[in-house]
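A quick write-up on the structure given underneath.
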Amino acid sequence: EGAGDIPLDGGRQLSGAQPIRSDGGACGGGGGGVVAASAAKFHSVAVTADGSMHAWGHGRGGRLGLDDPRVHSGNEAVLLPRIIRGFGPGTGRYIVAVSAGKHHTLAATQSGELFSWGSNRDGRLGYGAPDTQPTPRHVGGGLHGIVVTAVAAANRHSVALTAAGDVFTFGSNAAGQLGHGGTAGSGAGGHGACSATPRAVEHLRPRRAVAVAASKKHTVVLVAALSGDTSGGSPASMSISRISCGSGGSGGGSGGGSAKGFSGGEVFTWGHKCVSPRKVNTSAGLGVLAGGYGGHAGQASSSAYQGSGGGEG
């Protein structure tokens, strides 16, 4: 069953060519309306103005974050948005950023806590066990005491952006998508095939990241230009407003962070065997940032030009 054939709106099949408005009334009623949303192959999530979070779709393996064994086992699909317990009014935790990966979900709270749930294969949830996590669980480890402001969930890896502008990655490193200078099977430099512990991408420091995006085998980051740096950053007249990743396969791409009012800066990308962050030359205008990445496309949008490109088939 393809992503376009999943009944996500009261049982209707949303496989048409034209956008269909989802039943927003199912998202909390008095929650103040939807302020953020993310969708992957099998599920969708939405955040309302009161910090609550809702999920719907196919929940096998826990990707919906609902405490329902029938959903977790895959025996029952969720056709209308259902609230994820533990967030919103009366809980002390208010969601401000969310990202849906193919088999897992990430969410950051107003206070900077990171939560994850779903499949934990390759350590993509940021902790060592269990194999699947049916409900939201706090991510500590390398992120203990660090404020997370944005997240990006891909097929097999995860990315977290901090208030200090650091980028942390965890999960599969099979294609170098974690940005730590190696890949699976590459020896000590690769740090193994995966990492269940969030770790900062040191190559980006001391630059300050402002937005992140991730897809199947690659990661894209927008960083603020270093003071006095004229070595190929974006022209001062170009205001980058968005970065995103191509689909990179069936799982889709996702990202987060705010580049509103942001001028200049640099775009870095890594993955698909490019194991360390590499700066993209944006001095001639922004286009497809895939370069030699075998069809794994990243995109950046600006007020002057918007790049576009697909992911691998």
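Glycine too: its Cβ is placed from the backbone N, Cα and C atoms.
According to TrEMBL, the region 'Disordered' annotation covers 1-25.
The feature repeat 'RCC1' is assigned by TrEMBL to 51-111 (among others).
Look at the repeat 'RCC1' (112-164): DSSP puts its residues at 6 helix, 25 strand, 22 coil. Per TrEMBL, the feature repeat 'RCC1' maps to 112-164 (among others).
Feature annotation from TrEMBL assigns repeat 'RCC1' to 165-225 (among others). For the repeat 'RCC1' (165-225), residue counts in helix, strand and coil come to 6 helix, 28 strand, 27 coil, using DSSP.
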Averaged pLDDT score, the repeat 'RCC1' (112-164): 97
